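Undergrad: According to TrEMBL, the protein carries these features:
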- A:CYS132: active site, acyl-thioester intermediate (ACT_SITE)
- A:HIS252: active site, proton acceptor (ACT_SITE)
- A:THR15, A:GLY16, A:ALA17, A:VAL18, A:ARG43, A:SER44, A:SER162, A:GLY163, A:ASN326: NADP(+) binding site (BINDING)
- A:ARG103: phosphate binding site (BINDING)
- A:GLN159, A:ARG245: substrate binding site (BINDING)
- A:8-123: domain 'Semialdehyde dehydrogenase NAD-binding' (DOMAIN)
There are 2 protein chains.
Amino acid sequence: MAETRGFHVAVVGATGAVGQQILKTLEERDFPIEKLSLLSSSRSAGTKVSYKGESYTVCEAKPESFEGVDIALFSAGGGVSKALAPEAVTRGAIVVDNTSAFRMDENTPLVVPEVNEDDLHKHNGIIANPNCSTIQMVVALEPVRKQYGLDKVIVSTYQAVSGSGNAAVEELNEQTKAIINGEAFKPEILPVKGDKKHFQIAFNAVPQIDKFVDNGFTFEEMKMINETKKIMHMPELSVAATCVRLPIATGHSESVYFEVDSEGVSAQEMKELLKDAPGVVLQDDPANQIYPMPADCVGKNDVFVGRIRKDLDEDRGFHMWVVSDNLLKGAAWNSVQIAESLIRLGIVK
Amino acid sequence: MAETRGFHVAVVGATGAVGQQILKTLEERDFPIEKLSLLSSSRSAGTKVSYKGESYTVCEAKPESFEGVDIALFSAGGGVSKALAPEAVTRGAIVVDNTSAFRMDENTPLVVPEVNEDDLHKHNGIIANPNCSTIQMVVALEPVRKQYGLDKVIVSTYQAVSGSGNAAVEELNEQTKAIINGEAFKPEILPVKGDKKHFQIAFNAVPQIDKFVDNGFTFEEMKMINETKKIMHMPELSVAATCVRLPIATGHSESVYFEVDSEGVSAQEMKELLKDAPGVVLQDDPANQIYPMPADCVGKNDVFVGRIRKDLDEDRGFHMWVVSDNLLKGAAWNSVQIAESLIRLGIVK
């Protein structure tokens with residue numbers, strides 16, 4: 001990446017699961033940082049965090065924290081983003097927001113660089129980073145849409161607990177230990193911290209991520225449905241989702257059925273297409289048992305696609321299995337990637 | 001159950017994961033047994049097994065073991081069934097076979113009593129018990145087919161390791177302990193004992209159950225596709241499956257999308273229908289976070305259905321979440337249920 005100067009970058013939610021990955025990613029990418037402000041809620045303020053070997057003290061995020069900030073990466077929950085992202089924008093920052101606060105706002109671009117980088121030009125100060133489960137799916141679907149058209153998507157997800165934060169990972173680990181040792185345990189976080197009931201996640205499958213909407217879908221499912229249409233600029237696309245939380249620390253998987261416009265496309269042609277798609281790594285060789293798995297994707301920025309099959313009945317139907325690190329492409333890496341795009345496109349100067 | 005006499009019952013594979021559940025189920029159902037023969041491969045012969053407080057020695061299954069047997073319940077692998085089921089039939093027994101050996105044989109009925117009990121009358125000595133993942137799905141789909149017609153089924157499974165036997169459960173437990181303790185481990189069984197590579201199952205999702213077929217689907221997926229059509233007598237039904245193994249000891253879950261023939265059916269009507277369906281327990285109250293989960297289904301004979309939603313785009317499309325104990329309704333209970341039907345219908349006298 002060619003840049004002319006370093007930038008003042010703020011990371012809001014620097015102590016959280018995603019914030020930590022954002023810092024790691026900025027470091028790995030050698031992001032052009034002149035000044036780094038690490039911010040958080042009052043609860044985590046004072047925590048020491050290291051970046052490139054230097055120790056930083058995390059400060060409570062306040063409106064005035066954003067004075068002089070060029071790029072602010074938010075991942076401290078929807079409430080913090082709603083309250084402080086506009087304050088950051090007023091002070092001249094461009095916000096990349098990893099919460100759901102502004103995703104469906106019609107004046108806020110919702111961006112996955114491989115899919116709709118051009119939408120960054122339409123920003124009004126805030127750019128929304130999509131939901132983790134949406135991002136990896138649209139990276140795999142966009143090349144299909146471009147080449148063969150896209151009509152219908154039905155997805156069932158296999159989601160890791162780190163999507164619910166560090167405390168959920170801790171709960172999975174402690175509960176697993178308790179069950180193995182035959183000890184009692186009390187679920188307190190999953191499936192949704194703020195919901196009424198909590199259920200066992202270790203050795204279980206919980207078909208609830210986020211709270212329920214009146215139509216029987218969960219918010220997570222509605223996010224996948226609505227965000228996919230917005231990112232792909234396809235309000236007419238038929239999308240349905242069933243989202244399930246599993247005893248996996250990190251790495252979301254998705255079983256995706258989709259129908260294209262074109263007739264007579266073969267599974268081999270679909271594989272060739274995805275082999276060269278941006279952000280995608282094809283792992284699809286059943287004869288040698290090569291397919292993506294969450295345990296293999298952790299720490300990697302790519303979206304891994306495999307198990308591509310043509311439907312046996314529907315000529316325009318295909319199945320695939322899509323896996324990615326939900327904290328990286330699903331969150332931190334996509335946010336940093338947006339920030340890199342903003343610089344490369346000259347939107348942040 | 002009214003019966004006139006007790007029967008000579010043989011259980012083949014009495015020491016395996018399913019065989020043990022068959023014995024437990026026969027006991028719980030107070031099955032009319034006059035004589036019980038516990039059989040196995042030579043490897044497990046000599047093992048002591050208790051039934052109704054009495055100790056039995058498991059004997060090696062041989063052709064002559066079936067002399068005088070009325071009902072033989074086989075679950076010792078396809079090879080044993082292929083070799084010995086015809087021998088049992090020759091000696092006058094009716095075989096209920098829990099392996100895939102005869103499932104797609106056109107002269108062998110493939111039976112789920114809630115769906116196609118009448119097919120038992122067409123038997124030629126052997127009745128096949130379907131694959132675990134197929135059984136729970138057709139129990140939930142049959143009432144839909146009857147009431148509204150059925151056009152299309154797309155299923156993604158969340159399958160427990162006990163479907164691969166006791167050794168796979170042991171592997172999950174040992175691997176989980178090793179990971180938690182930071183120790184090395186070597187996968188040796190899952191995803192498929194007889195395949196070339198073995199992968200981590202703890203804290204992972206493995207999109208392979210059984211070996212691969214040339215078309216890119218696995219045998220497990222093809223079983224779900226072909227067996228569903230056979231059991232429901234719908235060769236024209238469009239069925240697709242993606243089968244995934246997860247770190248869950250027992251209890252298969254399925255995310256099922258289906259399209260009916262009728263237009264204008266509501267989610268509420270679908271719930272009412274399934275509430276009263278045979279073998280089904282409806283657990284569907286999102287407002288109170290009530291939905292089926294594998295951890296809750298273990299040890300129960302029912303098929304649990306929840307998360308019923310009408311598709312947001314396709315008027316004839318619905319989504320549901322189906323959970324059942326894969327060792328019970330998926331195997332042992334369905335086998336014993338077939339045996340009970342054989343007696344009730346007077347096929348075994």
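From the backbone N, Cα and C atoms, a Cβ is placed for every residue, glycine too.
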Undergrad: Would you kindly give the Cα-Cα distance separating A:ASN326 (NADP(+) binding site) and A:GLN159 (substrate binding site), rounded to the nearest Å?
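TA: Distance (Cα to Cα, whole Å): 8 Å.
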Undergrad: Using the structure shown, find which entry in A:ARG43, A:ARG103, A:ARG245, A:HIS252 (the recorded positions) has the sparsest Cβ neighbourhood within 10 Å.
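TA: It is A:ARG43 that, of the recorded positions A:ARG43, A:ARG103, A:ARG245, A:HIS252, has the fewest other Cβ atoms within 10 Å.
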Undergrad: Average the pLDDT scores across the domain 'Semialdehyde dehydrogenase NAD-binding' (A:8-123) and report the rounded value.
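TA: In the predicted model, the domain 'Semialdehyde dehydrogenase NAD-binding' (A:8-123) has a mean pLDDT of 97.
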Undergrad: I'd like to know which of the binding-site residues A:GLN159, A:SER162, A:ASN326 has the most other Cβ atoms within 10 Å of its Cβ.
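TA: Per the Cβ count within 10 Å, the most buried is A:ASN326.
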Undergrad: Show me the subset of A:ALA17, A:ARG43, A:ARG103, A:ASN326 whose Cα is within 10 Å of A:HIS252 (active site, proton acceptor); these are the binding-site residues I mean.
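TA: Within 10 Å Cα-Cα: A:ASN326.
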Undergrad: Which numbers of helix, strand and coil residues does DSSP report for the domain 'Semialdehyde dehydrogenase NAD-binding' (A:8-123)?
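TA: Helix/strand/coil tally for the domain 'Semialdehyde dehydrogenase NAD-binding' (A:8-123): 39 helix, 32 strand, 45 coil.
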Undergrad: Can you check which residues sit near A:ALA17 (NADP(+) binding site), meaning Cβ under 8 Å from its Cβ, same chain, 6 or more apart in sequence, and list them in order?
TA: A:SER162, A:GLY165, A:ASN166, A:VAL169, A:LEU327
Undergrad: What same-chain residues, at least 6 away in sequence, bring their CB to under 8 Å of the CB of A:THR15 (NADP(+) binding site)?
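TA: Listed in sequence order: A:SER40, A:SER44, A:THR47, A:VAL49, A:VAL58.
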Undergrad: Determine the C-alpha span of the NADP(+) site listed in the record, that is the greatest distance between any two of A:THR15, A:GLY16, A:ALA17, A:VAL18, A:ARG43, A:SER44, A:SER162, A:GLY163, A:ASN326, in Å to the nearest whole number.
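TA: The span, Cα to Cα at its widest, is 25 Å.
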Undergrad: Listed recorded positions are A:ARG103, A:CYS132, A:ARG245; which of them have CA atoms within 10 A of the CA of A:ASN326 (NADP(+) binding site)?
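TA: Cα within 10 Å of A:ASN326 (NADP(+) binding site): A:CYS132.
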Undergrad: Quick one: what's DSSP say for A:GLN159 (substrate binding site), helix, strand or coil?
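TA: Note: A:GLN159 (substrate binding site) is in a strand by DSSP.
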Undergrad: Does A:CYS132 (active site, acyl-thioester intermediate) have same-chain partners at least 6 apart in sequence with Cβ under 8 Å from its own Cβ, and which are they?
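TA: Residues satisfying the criterion: A:GLN159, A:GLY163, A:HIS252, A:ASN326, A:LEU327, A:GLY330, A:ALA331.
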Undergrad: Sorry to bug you, but what's the C-alpha spacing from A:ARG245 (substrate binding site) to the residue listed as 'phosphate binding site', rounded to the closest Å?
TA: 22
Undergrad: Fill in the CA-CA distance, A:ARG43 (NADP(+) binding site) to A:ARG245 (substrate binding site), as an integer in Å.
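TA: Here the two Cα atoms lie 27 Å apart.
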Undergrad: Taking DSSP as the reference, which of helix, strand or coil describes A:ASN326 (NADP(+) binding site)?
TA: coil
